[in-house]
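A short worksheet on the structure shown next.
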Amino acid sequence: MDLKTAPNGVATIEDRILRITGYYGYYPGYSTQKRGEVAQANIENNQENQEKSWCQSCISTFLKIVWGFLIILSVSSSWVGTTQIVKITYKNFHCPFFMTWFSTNWNILFFPIYYSGYLATAQEKQSPIKKFRECSRIFGEDGLTLKLFLKRSAPFSILWTLTNYLYLLALRKLTATDVSALFCCNKAFVFLLSWIVLKDKFMGVRIVAAIMAITGIVMMAYADGFHGDSIIGVALAVGSASTSALYKVLFKMFLGTANFGEAAHFFSTLGFFNLIFISCTPIILYFTKVEYWSLFSTLPWGYLCGMAGLWLAFNILVNVGVVLTYPILISIGTVLSVPGNAAVDLLKHEVIFSVVRLAATIIICIGFLLMLLPEEWDEITLRFINNLKEKKTEEHGEDTTESSLYSRSRSRANGTVSIPLS
């Protein structure tokens, strides 16, 4: 018989069938060769798929980094612009609560802007009402009801208004650089509240960061000797950071995480609540002459609209950035507003920074960056150090081997043989 018997006999049977049926192009061992060709083709396809997936992952990572870089610049620029426009507005208009109320009303535009982007990018489109109901699930399975509207929107709207109002009041007492640096302490307050209320994981490095934030606050207050507008401004800025931290912790506790559509719905709901229920406050302040202006035509509408537009853009960019890039880059964009405001204060307003204020700002910013470290940062660092040590050991071993081979070759060329000592 001219056929070699396979270990399981299958190849022989297949070859017999092909020979008996007179399959065109048959020769002994045909089925075995075909099976090998198929296996080789599968290996090549797997390699191509792996290369394609690797290329796609590299491209997606690169795009995320590019988007992150653009969003960092946009977030920091919008926050710097908002803060500086408030300082300019204060030259002719001293009504911080009206400015807070006016800018919060612009949150109503959040969901329409989101829906416009949704229509431009989505393949399967939904009606505005259907999309609104879908995004309203952030309030519960039943969606947004009147009871939930009052129960959920009221506390968050009050905290939102307090945060912005205290921030604007602090800008009347301190420079934009000081206020933006003190506001960065909200990251430390979020950690402390989450650790106490939400029972989040304890991290020693974040405790150190919180201590650094508190140290920076004390140094900022001490810069002018614990008296005058400085201590009041520091207290207002720290109060703004505290209410912001409380807002974030309560949001995580009662509403959890939200996607971009749900966040847009929530912000628009806050805007409606502000327009309906909080509009009475600026009216009361106007008639009591606490915040008074002569005519509506004399109001700096350009600055007010610019401030509100940049504030809205900042909130949109923060929520869009979480979708397009890494969340840590959004936080970096926020802390970069501190040197941005410092550059504007130094070049335009000719502010002279004392050594104590500069040191306090740097300490707060370092504490903010320490807060951004992941929970497994120590394990990642140890793994990275061990990998470096292993690479150095391998390189040292290769260098030793090459040098020994080189010395042996030279000794042989000189007619001598080197005998290694045992």
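Using the three backbone atoms N, Cα and C, a Cβ is placed for every residue, glycine included.
Feature annotation from TrEMBL assigns compositional bias 'Polar residues' to 402-422. What TrEMBL lists as domain 'EamA' is 67-221. Per TrEMBL, the feature region 'Disordered' maps to 393-422. As annotated by TrEMBL, transmembrane segment applies to 62-81, 101-121, 156-174, 180-198, 205-225, 231-251, 263-287, 293-313, 320-339, 351-373.
The transmembrane segment (231-251) makes contact with the transmembrane segment (156-174): 3 or more of their CB pairs lie within 8 A, with pairs spaced 6 or more apart in sequence. Same-chain neighbours of the transmembrane segment (351-373): 175, 177-178, 181-182, 184-185, 187-188, 191, 203, 205-206, 208-213, 215-217, 219-220, 222-223, 328, 331-332, 335, 338, 342, 345, counting only residues six or more beyond its ends whose CB sits under 8 Å from a CB of the stretch. Sequence-distant neighbours of the transmembrane segment (320-339) (same chain, 6+ residues past either end, Cβ-Cβ under 8 Å): 64-65, 67-69, 71-76, 79-80, 83, 177, 180-181, 184, 187, 259-260, 361, 365, 368-369, 371-372.
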